[in-house]
Amino acid sequence: MSDKLAARERFLDVFEDLVEELKQILVSYNMPQEAIEWFVRSLNYNTPGGKLNRGLSVVDTFAILNNTTSDKLNDTEYKKVALLGWAIELLQAYFLVADDMMDQSKTRRGQPCWYLVEGVNNIAINDSFMLEGAIYILLKKHFRQDPYYVDLLDLFHEVTFQTELGQLLDLITADEEIVDLDKFSLEKHSFIVIFKTAYYSFYLPVALAMYMSGINDEKDLKQVRDILIPLGEYFQIQDDYLDCFGTPEQIGKIGTDIKDNKCSWVINQALLIATPEQRQLLDNNYGKKDDESEQKCKDLFKQLGIEKIYHDYEESIVAKLRKQIDQIDESRGLKKDVLTAFLGKVYKRSK
């Protein structure tokens, strides 16, 4: 078994323990069996199915900060840090269950969205709340005695609210029914991706590992924030680029940003340089559900040289981030390797 697969298996084993713990808490409340089974089914359906990047990076970051590798952590230590990883995966599950209902999505991670599973429907709203609630039940059980317990709570509450702000701006900017490209701007795009993605996917995993490692100086949290937030923005810009220019075989999904009227980086770059005629073509075709309109937009993006603009942006942001990482002050226990590892996962990825 490869190291990567072994790390994933060990992480998944902890999830089984957590489901059992949550189940026992419901048993202690004298919850009827059918409700316990429902919650367990929701946990298993919605939480462990993705790539688990966010959760695993808490473990990897903790290991780097403690001069070791994740496979060398003893079981007690491993379970505790993996629990923080699973808390992010529960947060992600909570967002996705709700997000899929808001977007009326059909599938998620290769299976029907939870609200479309037979018999679930609007109960999925309450299920999403329970996935979030599970985070705090688990944190209380495992971290109540730790000096950084309140820091963990603050961090989860703040990042959750930031993500919801990003989601709000996304929803009111990109209405699937009414296409209005005047609503789009690169400033809005930047706010959406930083708040909706960068905080919980990039900053949160590292900040959690730092608190657990006793690295809690605001100077250090700021050092990582100043790198991970732009890195998260770059990650999402890359995602927008791949949605339009990547092939389904390459990215593992069919890009839908154009048809969904998304306020993506690609359309915003096009709007900056389009002639009035080209703008008219975008007004007439962007956000339309048919393949022909989508293709017209894609052809125009190619014609406008968006690919080169992206590659130039990528090289400049990566050079800037590398320089920032080089200048990190490691005197209080922070390690450059943490940030180098994150950058390595994002730079030149193809899916």
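Every residue gets a Cβ built from N, Cα and C, even glycine.
Swiss-Prot names Arg108, Lys196, Thr197, Lys253, Lys262 as dimethylallyl diphosphate ligands; from the candidate set Gln92, Gln236, Gln278, Gln280, the record adds Gln236 to that same site. For Lys51 (isopentenyl diphosphate binding site), the Cβ neighbour count at a 10 Å cut-off comes to 11, with all displayed protein chains included. Of the residues the record lists as binding isopentenyl diphosphate, namely Lys51, Arg54, Gln92, Arg109, the two whose Cα atoms sit farthest apart are 16 Å from each other. Not a single one of the binding-site residues Lys51, Arg54, Gln92 has a C-alpha within 10 angstroms of the C-alpha of Arg108 (dimethylallyl diphosphate binding site). Arg109 (isopentenyl diphosphate binding site) is 10 Å away from Lys253 (dimethylallyl diphosphate binding site) when you measure Cα to Cα.
Taking a C-beta cut-off of under 8 angstroms and a sequence separation of 6 or more, Asp99 (Mg(2+) 1 binding site) has the following same-chain neighbours: Ser105, Gln167.
Here the binding residues for dimethylallyl diphosphate are Arg108, Lys196, Thr197, Gln236, Lys253, Lys262. Their largest Cα to Cα distance works out to 21 Å.
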